[in-house]
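Student: Starting off with a structure, shown below.
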């Protein structure tokens, strides 16, 4: 799982140019994946290819062209999981009014519907702080927490932390009813 400091470090190191609040949130999504150990393998128009999950690129690429479209951006990431299997993640972001709609899909589950997250960018836009990236965001910690719980943990099958040490009731296998026969 990504943490706020790691995500902000990626943003500062990359020094992206943001045109608007949608770019800021979209790039925070990108930085979250990089800080979680993923490699960027496609961005821009290449990320919108119909075959990107079935024939994913293998070489790491730069961020050039990530926000070339006014109303969308896309990223493709890869990572070797704990079992040694390569996983490819496709992330598409679409501008819809004050919302950034994020669709994410994993090659581990090609038949599963994409995860969809809608974020009101005004909740996280800190204004135009050109020299300090941290000042360009508001509620950054809440944004990263939301991205972790609604995207990254679900794509990586990482359970959400709970206050209980017991598994949730839905994780407990059902017990077959027993009938007692009279003697």
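Glycine too: its Cβ is placed from the backbone N, Cα and C atoms.
Below, the features straight out of TrEMBL:
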DOMAIN    15-157  domain 'PI31 proteasome regulator N-terminal'
REGION    155-183  region 'Disordered'
Student: Per-residue pLDDT averaged over the domain 'PI31 proteasome regulator N-terminal' (15-157) comes to what?
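Tutor: Taking every residue of the domain 'PI31 proteasome regulator N-terminal' (15-157) together, the mean pLDDT is 93.
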Student: On the DSSP side of things, how many residues of the domain 'PI31 proteasome regulator N-terminal' (15-157) fall into helix, strand and coil, could you say?
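Tutor: Final tally across the stretch: 43 helix, 41 strand, 59 coil.
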